[in-house]
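Visitor: Got a structure for you, questions after.
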Ligand code: HEM
Ligand SMILES: *[C@@H]1O[C@H](CO)[C@@H](O)[C@H](O)[C@H]1NC(C)=O
C-alpha cells in the first residue's frame with residue numbers, strides 16, 4: 001500500500017514534468033522513500049575528501065555555482081566532451097579551473113549502488129556543496145531536492161553567464177540579476193571566496209595595476225605571481241584563514257585585500273560597501289544570508305522543454 005502510494009506520487013511528479021513549464025515538486029524529502037540514506041552517503045564521501053584536501057570543499061562549492069548559473073542546476077557541467085558533443089567543461093571559466101568531478105563520480109557510484117537510477121547528479125552536487133560549506137566550518141541548511149539532469153549542455157551559455165574576475169560591481173549585479181538574484185544575494189554568495197585558491201593569471205592585473213589594493217598584500221602576492229610567467233601559480237583568496245568558511249572575506253575587502261579585481265569591487269566606495277561592513281562585523285548574519293542565497297541559487301531550473309533524465313553516469317547522457 002505504501003509502495004503503491006509512493007509509486008503514484010512519483011508517477012504524478014514525472015507527469016507534471018512532461019508538460020512544460022516543468023514544475024518539479026522540490027522538497028528536502030524528495031528521496032525519503034526511494035533513497036533514505038542519500039544524505040549519509042553524500043556526507044560519507046565528502047567528509048574524507050575534504051579532510052584529505054581542504055581545498056576540495058571550496059572546489060565543490062564552486063562546481064555548484066557553475067552548474068546553476070548555466071541553464072539552471074541540471075548537472076550540465078558534469079557532461080564530458082565527446083567527438084560529437086561540446087559541453088561546458090571546456091568553457092573559459094571552467095577549463096583547467098573547475099575541479100572535484102571525481103568526488104561527484106565517487107558519490108554517484110555509491111548512490112547508484114544503494115538506489116539505482118533514482119538520484120540525479122544535479123541533486124548530488126546540491127547536497128555535496130551544502131556539506132562542503134559545513135565541513136570547512138560554514139553553516140548548514142536543508143537542501144531542496146527533485147532536480148533532473150539535462151541531456152544537453154552549452155559552452156556558449158557558460159561563457160556568457162559566468163562572471164569573470166575583471167568584472168565591475170555593476171556587471172556583477174547584472175549577471176546575478178539575470179538569474180533572479182539580488183545585489184545582496186550576490187554579495188553574500190561572493191563570501192564563498194573566503195575559501196579556495198585562484199590562479200595568478202586571474203589576479204595579476206590587480207596586484208600590479210589596481211589602485212585600491214593594500215600595498216603589503218600586493219607585495220606578498222607578487223612574490224609568487226611574477227609579471228611574466230607563473231600563470232598557474234595558486235594563491236589563497238583569504239590568506240588569514242584560507243580553508244575556513246568564515247566572514248574573513250569581508251574583513252579582507254575592508255583592508256583592500258581582495259584577491260580578484262571583482263572581489264574588491266564589492267568594497268570600493270559603491271552600493272555594496274554597507275553590506276560588506278555588516279558581514280565583516282557579524283559572522284552570523286553572513287552565514288544566514290549565505291545559506292538562504294545558496295538555497296535560492298539552487299532553485300534555478302533549466303528552461304521549460306529542456307530534455308532531462310536521471311543520469312546513470314554523471315559524465316554522459318543515458
Ligand atoms: C561574483 C562573481 C564571481 C566571480 C567573478 C568569481 C570568479 C572566480 C575566479 C576567477 C576564481 C579562480 C578560478 C581559477 O583560479 O581558476 C574563483 C574561485 C572560486 N569561486 Fe568564484 N567567482 C564569483 C562568484 C562565486 C560564487 C557565487 C561562488 C559560490 C557560491 C564562488 C565560489 C568560488 C570558490 C569556492 C572558488 C575557489 C575554488 C577552488 O579553490 O577550487 N564564486 N571564482
Ligand atoms: C594592509 O594589510 C595589513 C595586514 O597585512 C594591515 O595591517 C593594514 O592595516 C592594511 N593597510 C590598510 C591601509 O588597510
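Note: Cβ is positioned from N, Cα and C throughout, glycine not excepted.
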Visitor: Starting from the Ca(2+) 2 binding annotation in TrEMBL that includes 238, 241, 246, which of 187, 194, 216 is the extra site residue?
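Guide: Site partner of 238, 241, 246 for Ca(2+) 2, according to TrEMBL: 194.
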Visitor: At the Cα level, what's the spacing in Å between residue 74 (Ca(2+) 1 binding site) and residue 163 (substrate binding site), rounded?
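Guide: It is 19 Å, counting Cα to Cα.
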Visitor: Ligand 1 is in the model; which of the recorded positions 35, 66, 76 have a C-beta less than 6 angstroms from one of its atoms?
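Guide: The ones that qualify number zero, so the answer is none.
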Visitor: Same chain, not part of 67, 70, 72, 74, 76, 88: whose C-beta falls within 8 angstroms of the C-beta centre of the Ca(2+) 1 site? Give them in sequence order.
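Guide: Near the Ca(2+) 1 site, beyond 67, 70, 72, 74, 76, 88, sit 66, 68, 69, 71, 73, 75, 77, 122, 150, 153, 154, 158, 302.
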Visitor: For 67, 74, 88, 238, 246, listed as binding-site residues, tell me which one has the smallest number of other Cβ atoms within 10 Å.
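Guide: Comparing Cβ neighbours within 10 Å for the binding-site residues 67, 74, 88, 238, 246, 246 has the fewest.
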Visitor: Taking the disulfide-bonded residues one at a time (35, 73, 200, 314), which has its Cβ surrounded by the most other Cβ atoms within 10 Å?
Guide: 73
